[in-house]
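Engineer: The feature domain 'Major facilitator superfamily (MFS) profile' is assigned by TrEMBL to 182-406. The transmembrane segment annotation in TrEMBL covers 21-42, 54-72, 93-114, 126-147, 154-174, 180-203, 224-250, 256-275, 282-303, 309-329, 341-359, 371-394.
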Amino acid sequence: MSSQPARDPSGDPSQDQSQGRLFILAAILFVSYLCVAISLPVTPLFVAGTLGMGNFWAGLGVGSAFLATILTRSFAGNFVDGGGAKPAVARGLALYIAGGLVSLAAGMLIHLPWAAFCVLVAGRLLIGLGESLVGVGVIAWGIGIVGPQRSGKVLALVGAALYGAFAAGGPLGLLLLDGIGFAGTMAVGALLPALGLLAIRPMAGVPAHPGAKRPPFRSVLGRIWLHGAVVSLQGIGFAAIGAFFTLHFVHESWPFAGLGLTAFGVGFVLVRFAFGHLPDRIGGLPVAMGSLAVEAVGQLLVWSAGDPTLALAGAFLTGLGCSLVFPAMGREVVHLVEPHLRATALGAFAAFQDVAYGLTGPVAGLLADRAGYGSVFLLGGAAAAAGFLTALSMRRPQAATGKRPI
């Protein structure tokens with residue numbers, strides 16, 4: 001098969017049925033992704049607090065999952081394009097389960113801190129590999145259901161499910177940590193993707209492209225690297241919130257430490273649902289530019305905040321700003337490549353965001369050790385501003401040629 005049909009490939013006669021399948025897929029993703037979300041605020045507390053290690057190791061513990069995702073995006077994209085979206089998602093969810101169980105074992109080795117840390121990293125590497133397959137697979141599955149002309153909406157809805165999970169998972173993870181400890185929290189994390197794995201079994205998949213000719217991954221990368229750079233710079237702000245917001249609040253002796261991801265996630269999901277149609281309607285670059293400006297303001301507000309209310313407001317603004325950058329730039333990427341390369345291109349594109357997530361943890365941890373936690377959010381604000389300038393540089397040639405959104 002040389003091309004993917006724009007209509008619903010399952011043969012559903014009604015657009016409403018396609019929309020319904022897409023929303024069901026997003027709901028399954030939300031439940032499954034809580035595995036990742038509940039571990040995000042819990043992992044640095046476990047490493048820095050329970051195991052008694054420093055901020056660098058706490059950041060590395062968080063970032064190791066994202067680093068694994070970076071290294072396997074090419075594999076995941078090729079697997080989805082050639083083997084199908086549904087099999088990729090199923091394997092990714094199985095890896096989530098395995099990663100949760102291995103992380104559980106780390107919680108039982110607290111008397112051996114370095115052994116516990118190594119086991120924890122192994123578990124997070126499995127989760128990172130699972131994220132490669134689930135992330136690219138769900139997006140390709142969604143585009144296969146509703147067609148590439150609505151790719152911006154698919155990316156927006158998938159992101160709403162992911163960051164909705166972050167919003168719920170942050171306080172849930174801390175609540176579980178207080179109630180049943182780290183090992184118990186990881187056990188819950190392993191159960192949730194198991195429910196998702198059962199839920200996708202009766203769902204119809206979408207066609208793959210097993211026989212299509214594929215250029216080298218670096219060739220695809222060369223076509224989308226500027227779009228990826230924008231997403232990478234945007235991702236630093238989110239990674240700062242995820243890895244260090246809780247530690248920042250604990251250090252300042254402020255209440256509501258678990259609400260940072262919630263504030264971020266609420267802002268993120270609100271924009272996705274209210275304005276998720278904008279990239280398809282007016283194009284990705286103007287949406288990305290406005291979003292990055294808001295993110296920069298949010299990060300600078302967290303950096304300068306003198307009380308928890310202002311810091312939470314900054315996290316909320318960061319969520320508002322981060323919300324549409326990925327679908328806005330991803331929509332541009334989808335229209336740059338042939339149908340049989342979409343998953344590969346999206347895998348390469350998403351890898352740029354993973355780079356930000358993976359490197360921000362340890363690098364910002366070193367910065368926090370030397371200049372305090374607030375400096376991490378100053379870095380996030382500067383990165384968002386750089387992303388704005390990059391998007392602006394891409395927008396100018398498009399405006400000069402009079403090119404309109406596809």
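Just so it is clear, glycine is given a Cβ too, placed from its N, Cα and C backbone atoms.
Because TrEMBL annotations are produced automatically, they should be read as predictions rather than curated entries.
Since the structure is predicted, the reported quantities are computational estimates derived from the model, not experimental observations.
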Engineer: Cβ under 8 Å to the transmembrane segment (371-394), counting only same-chain residues 6 or more beyond its ends: which ones?
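Structural biologist: For the transmembrane segment (371-394), the nonlocal Cβ contacts are 226-227, 229-234, 236-237, 239-241, 244, 247-248, 251, 285, 288-289, 292-293, 295-300, 302-304, 314, 318, 321, 325, 356, 364.
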Engineer: Let me check one thing: do the transmembrane segment (224-250) and the transmembrane segment (309-329) come into contact, meaning three or more Cβ pairs under 8 Å with sequence separation of at least 6?
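Structural biologist: The transmembrane segment (309-329) and the transmembrane segment (224-250): touching, yes.
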Engineer: In the same chain, who gets a Cβ under 8 Å from the transmembrane segment (256-275) while lying at least 6 residues past its ends?
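Structural biologist: Residues 37, 40-41, 156-157, 159-160, 163-171, 173-175, 238, 241-242, 245-246, 249-250, 308, 311-313, 315-320, 322-324, 327 contact the transmembrane segment (256-275) from elsewhere in the chain.
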Engineer: Decide whether the stretches the transmembrane segment (180-203) and the transmembrane segment (93-114) have at least 3 CB pairs under 8 angstroms, with pairs required to be 6 or more apart in sequence.
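Structural biologist: Per Cβ check, the transmembrane segment (180-203) touches the transmembrane segment (93-114).
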Engineer: Using a cut-off of under 8 Å between C-beta atoms, tell me which stretch among 54-72, 93-114, 154-174 contacts the transmembrane segment (341-359) the most.
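Structural biologist: Most contacts with the transmembrane segment (341-359): 54-72.
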Engineer: Assess whether the transmembrane segment (93-114) lies in contact with the transmembrane segment (154-174), where contact requires at least three Cβ pairs under 8 Å among residues 6 or more apart in sequence.
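Structural biologist: No, the transmembrane segment (93-114) does not contact the transmembrane segment (154-174).
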Engineer: Give me the mean pLDDT over the domain 'Major facilitator superfamily (MFS) profile' (182-406), rounded to a whole number.
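Structural biologist: 86, rounded to a whole number.
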Engineer: Restricting to CB pairs under 8 Å, which listed stretch, 21-42, 126-147, 154-174, 309-329, is in contact most with the transmembrane segment (54-72)?
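Structural biologist: Ranked by Cβ pairs under 8 Å, first place goes to 126-147.
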